[in-house]
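Taken from Swiss-Prot as is:
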REGION    1-30  region 'Disordered'
TRANSIT   1-79  transit peptide
COMPBIAS  7-24  compositional bias 'Low complexity'
REGION    62-90  region 'Disordered'
COMPBIAS  62-77  compositional bias 'Low complexity'
TRANSMEM  109-129  transmembrane segment
TRANSMEM  139-159  transmembrane segment
TRANSMEM  182-202  transmembrane segment
TRANSMEM  218-238  transmembrane segment
TRANSMEM  274-294  transmembrane segment
TRANSMEM  301-321  transmembrane segment
TRANSMEM  345-365  transmembrane segment
Amino acid sequence: MERLLQPSSSSSSISPSKFPSRTSPFLPRLRSSGLSFVSTHRPESRRVSSISCNSSQIPSLYTPIGSNTTNNSFNGSPKSDESKPNPGFLTRIATSASEQRKTLSTGTVILISAVAVLLLNPLLAPPAFASFQTAAKSGWLTSAWTGFLAGCLHTLSGPDHLAALAPLSIGRSKMESAAVGALWGCGHDAGQVIFGLLFLLLKDRLHIEVLQTWGTRIVGLTLVIIGAMGIKEASEIPEPCVALETDISMVSTEKEALPLPKKKKIGFATFATGVVHGLQPDALMIVLPALALPSRLAGSAFLIMFLVGTVIAMGSYTAFIGSCSEALKEKVPRITEKLTWVSSLVAIGLGLGIVISPFFGFSLY
């Protein structure tokens, strides 16, 4: 030991002679108690420090207790290292704990959502069901209004309808004329329904062209018959007697003696005329749209309201004619007879035109 330490001491003794005026802080300082040097950057000091560390680790015979303590400390260090947990194991524990927390939080959210749905279902279900009902109701209501308007237009746009109803409603009161038009409209609807059912049952076996040809001829003949009956009724109206004398009492008695004109009867003939006019291929305009609608409810609503619109339109038309003729009767003498003659001649002319026009290559119906 002393030999190994002598070079370092000699080197330390030489260094002050080289630099007498400066004291270097890098020179090692000797400790009298431990005989060891502070760490320096020179290689000799590294060797001395390694030797001193090795000498401290060598057990001495004179200090058995210290050696035991040192051995125990060195032996106990690996045990302490073994007792330290593995960092990978700690990370796994942390991740498993976080996953459990996430699972618990997810389960809590699901439970809260289920409870909220159960609580809000009685509040949200009726409005949703009501909106669905509103949509369905609006669908069949739209179909119903469409059918009603189609029935009204079909009635008022047909010249045969107007020509056939005018002679029957002139000379009547407003309510009687409305009843005539409604009865004629019911017959027209019955004819359309019959033709629609025949079309659905027979389909390909039903020759539409043949039916249209003969139906057009029958409609023309019915118009001629209605016109002829109107002329007959107009000719039966008695002419007012002309008083030659200016006796007021005589004129009054003659007016009282005048027979009242016969009122036209509302019966089966009016209904049958409507049925004949309804047995036409134009009845398909109520069958085909009803079949093309998306639901049976919408189709039924269209069909029913078409028939109702036809009856209402015809009743309104005849009521208007009857009220006008009744109002003019009080102001213009013999206006009822004149209107009956005009309407009857129009019906006869239209009927003849419908019958004869196909022979000239065109059709008026």
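From the backbone N, Cα and C atoms, a Cβ is placed for every residue, glycine too.
Long-range contacts of the transmembrane segment (218-238) within its own chain (CB-CB distance under 8 A, at least 6 residues past either end) are made by residues 160, 163-164, 167-168, 170-171, 258-259, 261-262, 264, 273, 276-277, 279-280, 334, 336-337, 340-341, 343-355, 365. For the transmembrane segment (139-159), the neighbouring stretch richest in Cβ pairs under 8 Å, chosen from 274-294, 301-321, 345-365, is 301-321.
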